[in-house]
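First comes the structure, then the notes that go with it.
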Amino acid sequence: MPTFILIVRKAVSHHHYTHQQQHTSAVHRHLQHHHLYPHHHHLHGYRHLPRCDQHGMQTRTQEEEELLWEDLFSKPLNWVDCRRRKRTPLHPDFRHKTSKAPLWLNSMCKPHWVDSRLAVPGPGNPPEENAVREFCNKGELDIAMDALSHMDYDGFIPSDDLYITILKACYKCKALSHAAYISAHIFRRNTELCEPLQDALIIALAKCGGVLHARSLLHTLPHCSVDSWTAVIDGFVEYGRDRDALITFGQMHELNLQPNSNTYASLFKACSSLGKLEEGRWLHADGESKGFTLMPATGTALMSMYSKCESFLEAESVFSMLLQRDVLSWNAMLSVYLEHGIWDKALVAYRQMQEEGWTSNALIYTIVLQACGFLGEKESLFFERQPNSEMYLEIGRALHADIRENGFATDISLGTALITMYGKCGSIPEALNVFQCFSEFDIAPWRAMLSAYVQQGQGAEALVAYKKLHEYCLIPDVHIFVISLRACIMLMENEETTPMASLEIGEALGEDAQSNGFASNTLIGNTLVSMYGKSGNIVGTENVFVGLLQRDVVSWNAMLSAYIQHGQVAKAFLLYRQMVVEGVTGDVLSYVLCFQACGILAEQENLVCKPQPNSVSIQVGHALHAVARIETHCSNLFICNALISMYGKCGRLVEAESVFCSSVAVDVVSWNAMLTAYVENCEGHKALQLYTQMRRGHEYPNKLTYVIALQACIDLAEQEGESNEVVALEMGHALHTDRLLEGYLSDDVICSTLVSLYGKCGALADAETMFSRLIHRDLNLWNGMLSSYVEQGHDEKALHMINQMECDGMPIDEITVVLALQVCSTLGSVEMCRQIYFKVISIGFDSSPNPINTLIHSFGHCASSVEAKDVFFQLSQPDKVAWNAWIGSYLQEGDFERSLFVFRMMQLAGITPDAFAYLSLLCTCSHVGLVESSFEIFESMSRDFHLSPEVKHYSVMIDILGRTGNFKKVKRLLSAMPMQANLPLWLSLLGACRTHGNLELAKEAFKQAMDLQPSDPAAYVLISNIHAIDYCSRETG
């Protein structure tokens, strides 16, 4: 072999090895550590050296060399251009594909015309590389990898451009395994990577999910660009490693690398996912100083971050500061408004967008349609103002027209959004028209149509649509089954449909869900629990709940709701404790349900006795309130409203007021809860003051607000004192006017409550006027008018109304029966009581306690204790009210012995006497004149049953003592009273003083009566008579 060749080979080999040792030893160690290529490797140019004799390049003749060059230029596709991949001078510049014959540009035998011919573009990219590029462009990476392997076998070294092309195809297809293979392939053949290849490699690995590998290359390869760092940060964000994204940015910051707008966009996404508002604000300030936050893409990410961190005002500020807005930035701002429930602003922003000349896309139309639907639903559910609901429906129709004009009429997602919008706005026919255009193509329109039916209370139509769905050979999804089950729940609440029939349909739906592979679906299981709970089948509800493979907090809430709906409070509390034991964290609804259970328990306790300071309900309520406070739920509006209601039912008005006043924000439900608390605790004055405050604060009342305010007026009218009736009537007239202004002119509930109020206040003319003006009169209105007549003692009119109801075929309920029996009691008509008793049995009210207890009382009041006794013994389990009514039935006959006998029977039956039972006995004693027995019974209250006597008990005792003229005991009893005496007590004492001529005590009683009711005429008449008797006695004496 010529000496020249040996010298060149040795020099090139030494240079190549030294270059690799000096510049790539760190890369070699890194790649060998990660097993990306073997520890032994060959120098390029030695693996496929041309086969030649000992003379090397000099053994070929001039003619042979020239023939080869001519073949290269005449048939370039048969040759491989190796110039760009040469690693040593010994590597050939061209090689024949078949014969492997090499050609060197520095060959001594090269013809002189070769250089001039090479100045013209030659063969270009090798066909192998072109083939690989073509496969990459088509996304056929497996075939591209196979072609690359053949290039390896043939000894061809891919160019950097080819590697970059393959890597771009890898991250487009998210092919991590191929990207890793290319990474190993690159480091086997290249010791130094150019910057474009470095970036392409790191970006591909980060985009494909190999973000940890990409980050390791950041710290290994020199001079990585900001695009590589941004790709790693974005990769961490995309794959849910947001903290690593922020850490990587910190490392980038330490290297003094300046981030770009894409870097900030990714970092804002990381802060959004982590809820890091302060870090996001810092990045905002940093990006703003570099001018990046004014760009649409970065600004869009920033708005989304502020929205997720519950700071929509800052999102608005970012949007207003954008120098240039595009459709994406408008989309982001509209999404912010939608997420935060500021739907009216979303519509305003959409209008502004149109005025600025921007063209909407499908996503923007979807957002605006959703906002329009939510506003229409809100108006119909909470405010019941038809004009506003119609306004949002008109906006939805205009959007529908725009969608058609802009060519989106066939878009299924928009069609689904239109169906949902029309459904929420209450226009089922228009929703159905849109649905019919898409019903054959996709399940989403069916889901929206079924949901629209359920939202508008058309459960039967929803189930019919579910049946038709199968005719189109569409397979229902989870949401279709859930909506259909909710339709069954809705039918259960319908009086015309028996729960059993709806339950059977629901069970069939459950079987369909199982056959479609949803047997273990938690969402369907939770809805089944709710359905069984609504049907009243608690055992079935428990069986479904226990059978759930996975129970989330919604499952527990559904079971809690079932128990609470049916008054099983003890089971509800036990279930909540089990939920805590199993480590399930309750949500807002869990606490709301538990507070409702406390309220129900308080009502049950109040039926037995008066509210106690340390009742079980308030103790449990305080404990739950403390837990909710620890878990920072107390600022939630739903929990605040539930707490107000609970404390109101427990008689803790101070605590209810504290929760109401400390709430960050209150809505109409909060006001209604506080108003109800006042009314339930007989604080009508405070309720009306709060209503006035509500109107001054520009809070819009709903129908329930008016009903509660009218009930407050009724409560005020029932309190003693003529002034209370006057105030109640004035407020009633004012509420009547408000009702007319707000559009509740013909609401049945409000009208019947107004009629009852006018009756309580003695304004029968107003009540009759309102009753006669109404065309559609429901049973509540008839009962309200009947109650007014009964309240004011117009028994003949009451009887006429009862007969009119019967003639008009108006069905009666328990309230009607009770009112009719009260008329019987007043008139003393035993025959009428018997007729009503017959109707009670015919209608089926004989198992209801209220009509039967009132019937016992009415028979007793008509001096027919025998029939009262017969009715009592027909009860299977008489309650305390029935016993009290039987005891009181002997009052008219003055039969104290029998009253006392029934009183003792009541105790033997395990029923603890209450204050009303003692009052009946004392009234009987007063009727007969049994002074000693009355004192024994009076003292027995506190001694035997720890009952505190009320004003009525003291009034009866003072009446008994007054009749006998025992004024010393009257004074002792008055001084011992723990409460203030009322007007009837002082009037009773005045009557006794008139009978026995006690002028001194009469003056004191008159003074007390005047303090309570200065305008009461009875007190003036009595004191006048007493003075007249005293004057006459002194004149005759």
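Cβ coordinates come from backbone N, Cα and C, glycine included.
Feature list (source: TrEMBL):
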REPEAT    225-259  repeat 'PPR'
REPEAT    260-294  repeat 'PPR'
REPEAT    326-360  repeat 'PPR'
REPEAT    552-586  repeat 'PPR'
REPEAT    667-701  repeat 'PPR'
REPEAT    778-812  repeat 'PPR'
REPEAT    879-913  repeat 'PPR'
REPEAT    983-1016  repeat 'TPR'
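Sorting each residue of the repeat 'PPR' (778-812) by its DSSP state yields 26 helix, 0 strand, 9 coil. Under 8 Å from some Cβ of the repeat 'PPR' (225-259) lie the Cβ atoms of residues 195, 198-199, 202-203, 205-207, 209, 211, 214-215, 218, 266-267, 269-271, 273-274, 276, 279, 287, 290, 292, all in the same chain and six or more residues away from its ends.
Secondary structure counts, DSSP: the repeat 'PPR' (225-259) has 26 helix, 0 strand, 9 coil. Below 8 angstroms of C-beta separation, residues 720-723, 951, 954-955, 958-959, 961-963, 965, 967, 970-971, 1022-1023, 1025-1027, 1029-1030, 1033 of the same chain, each at least six residues beyond the ends of the repeat 'TPR' (983-1016), sit close to that stretch. Confidence in the repeat 'PPR' (879-913), given as mean pLDDT, stands at 87. When Cβ-Cβ distances below 8 Å are used as the criterion, the repeat 'PPR' (552-586) is approached by residues 522-523, 525-527, 529-530, 532-534, 536, 538, 541-542, 545, 593-594, 596-597, 600-601, 604, 620, 631 of the same chain, each at least six residues removed from its ends. Sorting each residue of the repeat 'PPR' (879-913) by its DSSP state yields 22 helix, 0 strand, 13 coil.
Per DSSP, the secondary structure of the repeat 'TPR' (983-1016) breaks down as 28 helix, 0 strand, 6 coil.
Applying DSSP to the repeat 'PPR' (326-360) sorts its residues as follows: 26 helix, 0 strand, 9 coil.
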